[in-house]
Amino acid sequence: MPVLTDPVQLLQALIRCPSITPNEAGALSILEQFLRKMGFSVERPIFSDKNTADVENLYAKMGNKGPHLMFAGHSDVVPPGELDNWMYPPFEGIINQGKIYGRGAVDMKGAIACFIAALARVLEKQPIKGAVSLLITGDEEGPAINGTVKLLKWAAQKGEKWNAAIVGEPTSVKRVGDMIKIGRRGSISGIITVKGRQGHVAFPERAANPLPLAHKLIQALTDTALDQGTKNFQASNLELTTIDTGNSATNIIPAQTVIRFNIRYNDLWTKEALIAEIEKRLALVHSENNSNQYPYYQLEWIQNLGSVFLIKNDHLIEILSNAIEIVTGKRPECSTSGGTSDARFIKDYCPVVEFGLPGNTMHMVDECVTLDAMESLTVIYERFIIDFFA
């Protein structure tokens with residue numbers, strides 16, 4: 001069994017578990033073995049939902065009284081892609097020239113290993129004056145239906161309450177500790193289906209081409225910026241992700257066009273206000289095109305991606321920032337950039353910050369992390385844990 005205080009040995013063991021969402025593949029079993037040896041109680045609830053795979057999760061806790069700190073993360077990883085493109089096999093955890101290679105090294109088995117090693121180092125020196133829990137899901141890289149959101153609810157129903165949480169997502173950029181996340185933009189997706197009538201291009205009067213209306217709808221979505229950004233957030237942006245007619249022929253007017261888009265929005269918007277704005281823009285085109293007849297459009301919203309949030313707990317941010325400065329000599333940038341994470345669920349239960357390894361190789365071929373970065377993150381986590389319970 002790897003040494004508890006060595007994050008690299010634990011990371012190697014975790015990488016060797018091919019835990020592609022939603023497969024547990026032994027990763028949670030390794031964590032359970034480690035955590036029980038450290039004195040944690042461990043539970044592994046499995047959650048299910050319609051049309052989704054069952055997902056096993058892990059909740060471990062040590063202590064009962066005093067401040068309660070949660071570390072949240074995920075043991076699942078994205079697929080490695082073509083194995084021949086990798087310098088080393090993605091599920092072997094090979095170390096070469098000061099780097100450990102493997103899928104999940106950065107996102108985010110590395111941070112899990114660092115936090116556990118940091119806690120083991122603290123416990124070698126002093127007891128924890130409070131409670132520590134680890135909330136690890138196997139459904140972060142997937143639909144995120146049977147993971148953190150249900151694990152939080154399950155734990156809360158058992159009476160669990162947390163004072164603060166840290167999520168080990170790879171927030172650092174060039175070096176460990178140069179950036180932490182104190183909030184995230186919201187995310188919402190939409191699908192516009194423009195219905196037409198299929199026909200021969202030589203007889204347009206017998207058909208209804210959906211593409212001209214689709215073009216006008218796209219213009220309505222993209223011609224005017226949503227905003228210019230705020231003090232804590234960059235500008236909201238709407239991005240088209242697909243435009244599809246399902247038609248490869250040059251002599252057929254298509255029957256429909258499907259437009260998919262995503263919006264990342266800042267704190268100038270609520271989800272409801274943003275939906276109203278988009279629907280208003282489209283409605284202007286809708287009426288102009290007499291859309292009670294072909295062609296016409298239908299709009300569907302996908303709303304489970306997370307709302308905008310900003311953590312205003314200065315004490316938590318200060319503890320983490322001070323720990324980073326003590327170890328690295330520099331204070332971190334507090335940012336809200338990037339995509340969504342499971343922090344969007346945790347913020348409904350307690351203040352949450354995100355901090356982990358540099359993410360420049362996450363989801364890429366030859367994903368890797370330096371051994372120096374692993375040690376730096378472990379030392380910072382150790383300092384953070386000590387100061388949190390001081």
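Heads up, the Cβ atoms here are built off N, Cα and C, so glycines get one too.
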Swiss-Prot has HIS74, GLU169 down as binding Zn(2+) 1; which of ASP49, ASP107, ASP223 does it also list for that site?
ASP107
Swiss-Prot has ASP107, HIS363 binding Zn(2+) 2. Which one of GLU82, GLU141, GLU333 is in the same site?
GLU141
Remaining residues near the recorded Zn(2+) 1 site, that is with C-beta within 8 Å of the centroid of the site residues HIS74, ASP107, GLU169
GLY73, MET108, ALA111, GLU140, GLU141, VAL167, GLY168, PRO170, SER341, GLY356, MET362
So for GLU140 (active site, proton acceptor), how many other CB atoms are inside 10 Å of its CB?
25
Given the Zn(2+) 2 site residues ASP107, GLU141, HIS363, which other residues of that chain have a Cβ within 8 Å of the mean position of their Cβ atoms, reported in sequence order?
VAL77, VAL78, GLY104, MET108, MET362
For GLU169 (Zn(2+) 1 binding site), the number of neighbouring Cβ atoms whose distance to its own Cβ is within 10 Å equals 26
CA pair ASP107 (Zn(2+) 1 binding site) / HIS363 (Zn(2+) 2 binding site), Å rounded to integer, equals 8
Name, in the order they occur in the sequence, the residues of the same chain whose CB lies under 8 A from the CB of HIS363 (Zn(2+) 2 binding site) and which sit 6 or more residues away.
VAL78, ASP107
